[in-house]
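Worksheet for the structure shown next.
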Amino acid sequence: MTLDDSSLQKFGFIKRETLGSINIDPLQTGGLLTGAAKQALVEWGDGYSVCDFCGGVLDLVKKPPIHDFVHKALPEFLGCDEARVTNGARESKFAVMHSMGKPGDWVVLDGLAHYSSYVAAERAGLNIEVVPHAGSPEYHLDPGRYGKAIEEVTKENGKPPVLALVTYPDGSYGNIPDAAKIASVCHEYDVPLLLNGAYSVGRMPVSAKEIGADFIVGSGHKSMAASGPVGVLGVSEEYAPVVFRKSVHNKVKEIELLGCTARGATVMTLMASFPEVVKRTRNWDQEVENARWFSSRLEGMGFIQRGQKPHSHDLMFFEAPGFYEISQKVKNGRYFLYRELKERNIHGIKSGLTKYFKLSTFGLGKEKLGTVADAFEDILKKYENI
């Protein structure tokens, strides 16, 4: 590529095509910036902006009040003893796995774990034992199967896994497993538990201590109304010295965090949205009620919701036989649904999906959810005679 003025134009300001749409994308509904975060994005957007008064450790910066956010607010919010800001939930998971295990050790993952949990384990050199789910239609995760998985690893390798992980909820079906029971089972074998709360921390009330988890991770850009990439990590007092150990070469730098993590706009938007994020978790019962109402509307049209029922999260997976049938009959049928929703200013179902898709109802409220449900119904009626 020749870097002349003409070719460089494509990399200037780019207008976002979907901005202003009703957004039902599970990746995005919990990450929409608050008004305060949008202001912070402009105010603190310059590179290392938060380092105007830095003594060498990001989480100890007092101006802006990152220290109080990380060491006072986050532990209370996450229900943990020590907390840090990271560059994302996956980076949080890797920090725990890399510090807790050595290459060749084993980790136990649930059968609905996110791909990044697998990749984090691989990067840390860990082997993986999977706790299977029960399959369709609910994909239930039996806490007792964690015990069996731990026993299997111990039998084959002579020692238990260094860590177990549960996804709370999973990113496919939005199932919320019995994490407290899973923690209890793991602790019977002296195996610590990591709670992957990428879709819960910032959306719903969740406390590592109440659940019994030794580690908790969250995603700022997925569920805490922050500009990404940014995440959070909470650790119990027992394991904090392991995960947050310091370098022998630079004595203030924590090894697993590579010294400092989210600098500038990411941490500042996370902080700016935090007051509103705390408040919105108190409205979780209403979010669940809205999700169930929406699911009921769709099932009345012939859609089939997979996963836990009654559902307890905004992320839901649907089978859509009506849409799929239409896609088999119309021109360029794979993309008809995307086109129809785009015309109605609705974004979030991936282009090409008609038979199965997931969506999120988080933060939309009954009025917008009604608009989406009405749109689905209108589309079905539009093609009912083809």
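Heads up, the Cβ atoms here are built off N, Cα and C, so glycines get one too.
Per Swiss-Prot, pyridoxal 5'-phosphate binding site is recorded for ALA89, ARG90, ASN196, SER219, GLY220, HIS221, and the stated evidence type is sequence analysis. Per Swiss-Prot, the feature N6-(pyridoxal phosphate)lysine maps to LYS222; the stated evidence is sequence analysis.
Overlay of Swiss-Prot annotations on the structure.
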residue	record	Cβ neighbours (10 Å)
ALA89	pyridoxal 5'-phosphate binding site	29
ARG90	pyridoxal 5'-phosphate binding site	22
ASN196	pyridoxal 5'-phosphate binding site	32
SER219	pyridoxal 5'-phosphate binding site	28
GLY220	pyridoxal 5'-phosphate binding site	33
HIS221	pyridoxal 5'-phosphate binding site	25
LYS222	N6-(pyridoxal phosphate)lysine	27
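Separating the Cα atoms of ARG90 (pyridoxal 5'-phosphate binding site) and the residue listed as 'N6-(pyridoxal phosphate)lysine' is a whole-number distance of 12 Å. Classification of ALA89 (pyridoxal 5'-phosphate binding site) by DSSP places it within a helix. Take ALA89, ARG90, ASN196, SER219, GLY220, HIS221, the residues named in the record as contacts for pyridoxal 5'-phosphate: the widest Cα to Cα gap among them comes to 15 Å.
Between the CA atoms of ALA89 (pyridoxal 5'-phosphate binding site) and the residue listed as 'N6-(pyridoxal phosphate)lysine' there is a gap of 9 Å.
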